[in-house]
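Peer 1: Here it is: the structure, laid out below.
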Ligand SMILES: NC(=O)C1=CN([C@@H]2O[C@H](COP(=O)(O)OP(=O)(O)OC[C@H]3O[C@@H](n4cnc5c(N)ncnc54)[C@H](O)[C@@H]3O)[C@@H](O)[C@H]2O)C=CC1
Ligand SMILES: CC(C)CC(=O)C(=O)O
Ligand SMILES: [Mg+2]
């Protein structure tokens with residue numbers, strides 16, 4: 001198993017190091033995992049003047065899977081847009097055709113007190129957000145800031161989806177729904193957006209191949225509200241790039257913290273990039289207080305989706321369950337009566353449990 005490790009910026013290197021420890025430990029079980037590190041984001045810009053250096057993209061292409069931390073930092077916010085860390089992330093997703101982003105929001109029962117919702121509203125929460133990742137507002141052309149006819153600056157982006165882009169991610173959503181609760185809610189804004197109108201039509205067409213899946217549609221504003229009113233009404237949520245970005249951050253808090261949600265970004269084959277859903281968290285970077293569990297859980301998803309080692313994925317997930325049941329908590333999920341630990345200590349505890 002050849003894995004490219006791209007730690008990135010801010011807390012990225014801190015959380016990635018914990019997942020690397022866990023993956024390395026598997027080698028003593030007879031696996032052959034080779035990991036090679038490369039720079040991306042601000043680290044890529046600093047090292048090579050490019051948020052996605054050629055050498056990093058080459059390594060990513062040659063690897064079976066990629067483990068990514070996070071990118072971004074205040075010091076890069078004034079660079080020309082193509083040089084910014086976030087563009088490096090968008091480019092690697094596009095270059096590798098990683099169009100399907102799976103973001104599971106699962107509540108560990110012991111973390112019910114850390115959820116922003118009442119324990120009875122989130123008990124047993126287990127939902128999967130399937131977010132399209134290589135289209136929509138983040139990639140649509142034209143985009144820019146120009147001076148308009150009235151002589152004032154005007155910013156514009158283009159929300160755009162082709163039917164084949166919608167269809168391929170819809171298939172992934174339905175296939176996942178078939179393996180779960182056979183219920184899929186497609187989230188868009190078809191009442192006002194043509195992009196969403198097409199999205200809904202294509203999802204309805206695709207659904208004909210999955211007659212066992214109960215399909216529903218919801219406007220994104222309502223979905224944002226329903227997620228905090230009654231999140232357990234959802235099983236699989238299928239949505240576009242920007243709506244999925246926002247709704248998954250919201251869903252993470254139902255599980256206690258954004259530091260709990262891992263993700264898989266997949267292409268048509270089994271190749272994938274695995275990363276926590278959070279960003280580089282510059283406000284807590286370098287303090288050894290970030291929660292590494294989202295990244296460790298992303299490594300478990302890698303074992304499941306790219307390498308097909310479901311048993312290993314289960315073991316990593318069970319190790320995470322164990323440290324939580326032992327009462328170990330990073331600051332973001334700390335509640336009275338539990339034991340507060342740092343990022344590296346949490347990684348060590350998962351390793352010990354593994
Ligand atoms: N996938 C990526 O690489 C992403 C990168 N970003 C970038 O990250 C930078 C910061 O963006 P923000 O909007 O602040 O989002 P963020 O996700 O980095 O942080 C939001 C809040 O959540 C907290 N947080 C995030 N991850 C945590 C963890 N593992 N443990 C404990 N607390 C955690 C942070 O301390 C912060 O208060 C920006 O440059 C942004 O562009 C943002 C989102 C995703
Ligand atoms: C920084 C963005 C490009 C990514 C993001 O917020 C995400 O994928 O969740
Ligand atoms: Mg995001």
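Using the three backbone atoms N, Cα and C, a Cβ is placed for every residue, glycine included.
Automatic prediction, not curation, is the source of TrEMBL annotations.
Annotations for this protein, taken from TrEMBL, read as follows:
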DOMAIN    2-350  domain 'Isopropylmalate dehydrogenase-like'
BINDING   73-86, 279-291  NAD(+) binding site
BINDING   93, 103, 131, 221  substrate binding site
SITE      138  site 'Important for catalysis'
SITE      189  site 'Important for catalysis'
BINDING   221, 245, 249  Mg(2+) binding site
Peer 1: So which binding-site residues out of 77, 221, 245, 289 are up against ligand 3, CB under 6 A?
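Peer 2: Cβ < 6 Å from ligand 3, in sequence order: 245.
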Peer 1: Taking a cut-off of under 6 Å between Cβ and any atom of ligand 2, tell me which of the binding-site residues 85, 93, 245 pass.
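Peer 2: What lies within reach of ligand 2, judged by Cβ under 6 Å, is 245.
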Peer 1: Taking the Cβ of each of the binding-site residues and counting other Cβ atoms inside 10 Å, which one has the highest number: 73, 85?
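Peer 2: Top count of Cβ atoms within 10 Å goes to 85.
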Peer 1: How far apart, in angstrom, are the most distant Cα atoms among the substrate-binding residues 93, 103, 131, 221?
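Peer 2: Greatest Cα-Cα span of the listed binding residues: 27 Å.
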Peer 1: Could you tell me the mean pLDDT over the domain 'Isopropylmalate dehydrogenase-like' (2-350), as a whole number?
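Peer 2: Within the domain 'Isopropylmalate dehydrogenase-like' (2-350), the model's average pLDDT equals 97.
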Peer 1: Nearest to residue 131 (substrate binding site) in three-dimensional space, by Cα, is which of the binding-site residues 73, 81, 245, 249, 281?
Peer 2: 245
Peer 1: Using the alpha carbons only, what distance in Å do you get between residue 73 (NAD(+) binding site) and residue 138 (site 'Important for catalysis') once rounded?
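Peer 2: About 19 Å separates the two Cα atoms.
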Peer 1: Cα-Cα, whole number of Å: residue 93 (substrate binding site) versus residue 281 (NAD(+) binding site)?
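Peer 2: Just about 21 Å between their Cα atoms.
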Peer 1: Where does residue 289 (NAD(+) binding site) sit in the DSSP three-state scheme?
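Peer 2: DSSP call for residue 289 (NAD(+) binding site): coil, neither helix nor strand.
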Peer 1: Should residue 85 (NAD(+) binding site) be counted as helix, strand, or coil on the basis of DSSP?
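Peer 2: DSSP assigns residue 85 (NAD(+) binding site) to helix.
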Peer 1: List nothing but the one residue from 281, 289 whose Cβ has the fewest other Cβ atoms within 10 Å; the candidates are the binding-site residues.
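Peer 2: Among the binding-site residues 281, 289, the lowest count of other Cβ atoms within 10 Å belongs to 289.
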Peer 1: Taking the Cβ of residue 77 (NAD(+) binding site) as reference, which residues of that chain separated by at least 6 in sequence fall under 8 Å from it?
Peer 2: 84
